[in-house]
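What follows is one structure encoded as structure tokens, with my remarks underneath.
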Amino acid sequence: MRVLPRLLLLLLLAFPAAVLLRGGPGGSLVAAQDLTEDEETVEDSIIEDEDDEAEVEEDEPTDLAEDKEEEDVSGEPEASPSADTTILFVKGEDFPANNIVKFLVGFTNKGTEDFIVESLDASFRYPQDYQFYIQNFTALPLNTVVPPQRQATFEYSFIPAEPMGGRPFGLVINLNYKDLNGNVFQDAVFNQTVTIIEREDGLDGETIFMYMFLAGLGLLVVVGLHQLLESRKRKRPIQKVEMGTSSQNDVDMSWIPQETLNQINKASPRRLPRKRAQKRSVGSDE
């Protein structure tokens, strides 16, 4: 009889242990609770990520607005939406050093109010930093009123410096204008990096001057030689040859009076010097 109570006690202790080891209803409840808690944690993390993305999206427009405000405060005036501009380089987009570059700027007023075009300017800038000026050209004052739905064309020219040849520079061409309310606008008609071309023709001022100097020097040498030859010819004496009268037929006797001619004919004719010399030589031989 004493053994039976002990067996019952062992059964009572062994049954709960077996239930716990097999994962009974209590164990499945604990596991379900753990899964529920994990799902809630994942959902919370997803919700937090969505909230962060929404905050980022909300911050981006704010940053853009701040950038625009900074540009409005520190930047230059912008172009008017009621105006349109075009540019045309007369000799193409070639920029030879120490040579005239000419272009035309067209302005179109698409609005309902007048625009006053004030000036047109151009400048060369450092390619990596457009705030650094390399060569700033004189602004061309225009002061031209352009009515609505009308167009105007302006001409401008500049000369790139000769030492800039063979290097790239940023070319900025600005058209400055305003409306009747006093609002100032600025349109960057051309804002690109260009390369200045070196002149290869070689016909610069120094070369032309050298050619002219050599031509003048050659002309002086030719004139000097000509004068020297002329002076030598003048120094040589000219030998005069005495020409006698070979016959009386070569002499015009019409101007002599007839009486004088009769007397000359009556008189004995003079012997020529050659005949006398011949007679003398014959007499000496005898």
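Cβ from N, Cα, C; glycine included.
According to Swiss-Prot, the protein carries these features:
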- 37-75: compositional bias 'Acidic residues' (COMPBIAS)
- ASN136: N-linked glycosylation site (CARBOHYD)
- ASN191: N-linked glycosylation site (CARBOHYD)
- 229-286: topological domain 'Cytoplasmic' (TOPO_DOM)
- 208-228: transmembrane segment (TRANSMEM)
Distance from ASN191 (N-linked glycosylation site) back to ASN136 (N-linked glycosylation site), taken between C-alpha atoms, in Å: 14
Local Cβ density at ASN191 (N-linked glycosylation site) - other Cβ atoms counted within 10 Å: 12
